[in-house]
């Protein structure tokens, strides 16, 4: 072991290599970064968005199945249609037009929230690995969460292409701001 460059003594598994000490310093820096209150709060914002998306994901299944056509079929003559027994129970409830519309609205909101969860997750992972900003990223993550709540409710109740464009610009801008903060304030530790 004495023939290893940089060997300064140590115990088995940690040969006292100065390079090993550098890696321990990196781990310590990441641990200290993760213990920061603001870092924890921006991950709480992400978890809150994930739970909110899970709620919409669950609710869209309560209001029917998007793969089935529930509209009334007019097969055959009027007498054949009159002889068909009326549906009752759950199928009758799911076939109601208002329930079918609710399913499609919840499905749209769930898709939007899924995209937002993935967008926020990617920039928060980038910021965490870069050990970038803390307070600014926390504030932006909560703004992202607030807009996500508003836009998911808006999308579930009203559909408009200009509103979707505005929503895309807002969320993309916030994600770019978090990524910019990550690169501006992160990746500055130099390890040999």
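Just so it is clear, glycine is given a Cβ too, placed from its N, Cα and C backbone atoms.
Unlike curated records, TrEMBL annotations are generated automatically.
Given the ranges 3-21, 22-40, 41-59, the record in TrEMBL names 41-59 as transmembrane segment. Residue ranges 117-135, 136-154 are listed, and TrEMBL annotates 136-154 among them as transmembrane segment.
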